[in-house]
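Undergrad: Pasting the feature list from TrEMBL:
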REGION    1-40  region 'Disordered'
COMPBIAS  1-23  compositional bias 'Low complexity'
TRANSMEM  117-148  transmembrane segment
TRANSMEM  160-185  transmembrane segment
TRANSMEM  191-208  transmembrane segment
TRANSMEM  220-241  transmembrane segment
TRANSMEM  247-267  transmembrane segment
TRANSMEM  279-299  transmembrane segment
TRANSMEM  337-361  transmembrane segment
TRANSMEM  400-418  transmembrane segment
TRANSMEM  424-447  transmembrane segment
TRANSMEM  491-511  transmembrane segment
Amino acid sequence: MASSDVSSVSSESGVSGISTRSSSKFDDAEAGVRPLQAAASHGSQLSLDTQASLEHQFEHNFDLDDAVRMSSYRPHSSVLANGPPGDSRAVEDLPKINKVFTDATTGELSLPPDGGYGWVCCLCVTLVMFSTWGSNCAFGVFLAYYLNNNVFAGASKYDYALIAGITVCLGQGLPPFVIICMQIFGFKAPMLLGTVFLLLGFILASFSTKLWQLYLTQGVLVGMGMSFVYAPATTVLPGWFLRKRSFALGISLIGTGAGGVTYSLAVGQLIQETKDQRWALRMLGIACTLTCLVAIAVIRQRVKLEPIGLKDPSLVKEKFINMFSPRIPRMMAVNLIAAWFLFALFGYNLMIFTISPYAIAKGLTTHQSSSLSAILNGAQSVGRPLMGLMGDKVGRTNTATLLTLLNMILLFGFWFPAHTYVQLIVFSICLGLCMGVANVMSTVLVADLVDASDFLPSWAYINSVGSPLLLLPEVIAQLLTDESHPSNPYVHTQIFAGMCFVGALLLVLALREYAVKKAINERLSRKSQQIKKLELSAPEVEELEEGKDLLRQESKYRNLLGGGPCKYVVRVLYPMNV
């Protein structure tokens, strides 16, 4: 990706050492040169370099909490005093970083400290991810046990697979509604409710004797518990970190993989020792509840977002309108991200839940199969933070494209010939390093390609629109299982998982073309403006060396934006940091 076009992005930004995206949708002025005025502040002004640096950092790391606070922003009286009565331009002209980080009571700009108690909150978010999505990764061990033992009378393999799908569907689809609940009832109320759901789900599942009870407990209650606990927690770190936000978020992502390692091994060991699943479920209920309660007790928002309550129905309605905008389904970039996210999650869930049953089908022991799940999740705990760093280095769309391609290659080229325990260990490590690309990159792709005002509904749309289909990955995997191939009954499942990433790759390539085209349009606009400015001082622009260079670049960009399939392919493959 080291091309002249990549380097030109940094030079055009005018900010040394700041990671810059191809999109400049968050700019409130040319390259962030507008002063960051603290709304009614004590007259303190930041230097222009500092202002530009902060604007670019904020733009590059825009996140869910930023979008929530922007949608809840109410201007301080001093901001309104800067303009004529009834004139809203003073508010509209405020840089978005002011709307996110202005203290509502004092009107002063209160930037994140990038440390301090924020690191405690970072640990809390890691613990939450450890005991929500991390514990869910252990379901593959339960699934292997359920499929190979007649645990519930009348249950088929599709029932157990559907229970796995319910947890993922609810965990992925409910967060937009949970965020609305957080805005209405406060930050910790949904988390406490979710902890109760988790406890009841796991404990009641351990006493379940009928299949419908397992559906309601290990399926519905656990899925709801996960979403109600983790969704509010993910909004905390952006309030504590700005310059170090990517690093802090990367640390929190370790929780999912680390939880998968811990709980997969613990569940496998308890099932092996007790000869059933009951104490393994109780262990999960107790461990997840205690971990979440500790995290909830310690975690806090740096600037508290006051709940709106239920007294004013119009405010509640406003939150729903902000979250679910009817404009979003008409946006091409959002639809491409949503479709890529769905296909990649299909492949991801197939691997998470199938690796243990596949290992047992290949003749490995229960302990070895649970160890493979642990290794896969352990590799995730390393791979997920590295994906974030890679995205900052070579571009988020480039990272999503490369890792989707790598997933496809590993599934087709490595999983098929992997038969022995050692081969499956190496496969699990390699795949675990890159398989979580959809979970890590989806939100930052939205931040890169969608305007800040559309971030929140775009995030909600991407999470919820495909969530019902997430009921199906493991059901399809079991449907494709062919017992007539005793050497590898999961061969059709392997093909299906690989094809999921083929579809994801085609979609992310289309997304890359969109990102490159958007970036080229922005560069073309800047070059055209520079040419117009030069013409004011020197009408014969084409005779000047600087003018020749600008005209040459303008012609190059216009050529790249041409129509037809050939130009489309050129844009897909064009070397650019996007």
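Just so it is clear, glycine is given a Cβ too, placed from its N, Cα and C backbone atoms.
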Undergrad: Would the transmembrane segment (279-299) count as touching the transmembrane segment (424-447), if touching means at least three Cβ pairs under 8 Å and pairs must be 6 or more apart in sequence?
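TA: Counting Cβ pairs under 8 Å, fewer than 3, so no.
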Undergrad: For the transmembrane segment (117-148), which partner among 160-185, 191-208, 247-267, 491-511 gives the most CB pairs under 8 Å?
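TA: Stretch with maximum Cβ contacts: 247-267.
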Undergrad: Taking the transmembrane segment (247-267) as the first stretch and the transmembrane segment (400-418) as the second, find out whether 3 or more Cβ pairs fall under 8 Å, excluding pairs closer than 6 in sequence.
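TA: As far as Cβ distances go (cut-off 8 Å, pairs 6 or more apart), the transmembrane segment (247-267) and the transmembrane segment (400-418) do not touch.
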Undergrad: Between the stretches 160-185, 400-418, 424-447, 491-511, which one has more Cβ pairs under 8 Å with the transmembrane segment (337-361) than any other?
TA: 491-511
Undergrad: Could you pull out which residues elsewhere in the chain have a CB under 8 Å from any CB of the transmembrane segment (424-447), counting only those six or more residues past its ends?
TA: 61-64, 253, 256-257, 334, 337, 340-341, 344-345, 347-348, 351, 355, 359, 362, 364, 372, 375-380, 382-384, 386-388, 391, 396-397, 399-400, 403-404, 406-407, 410-411, 414-415, 418, 455, 458-459, 462, 504, 511
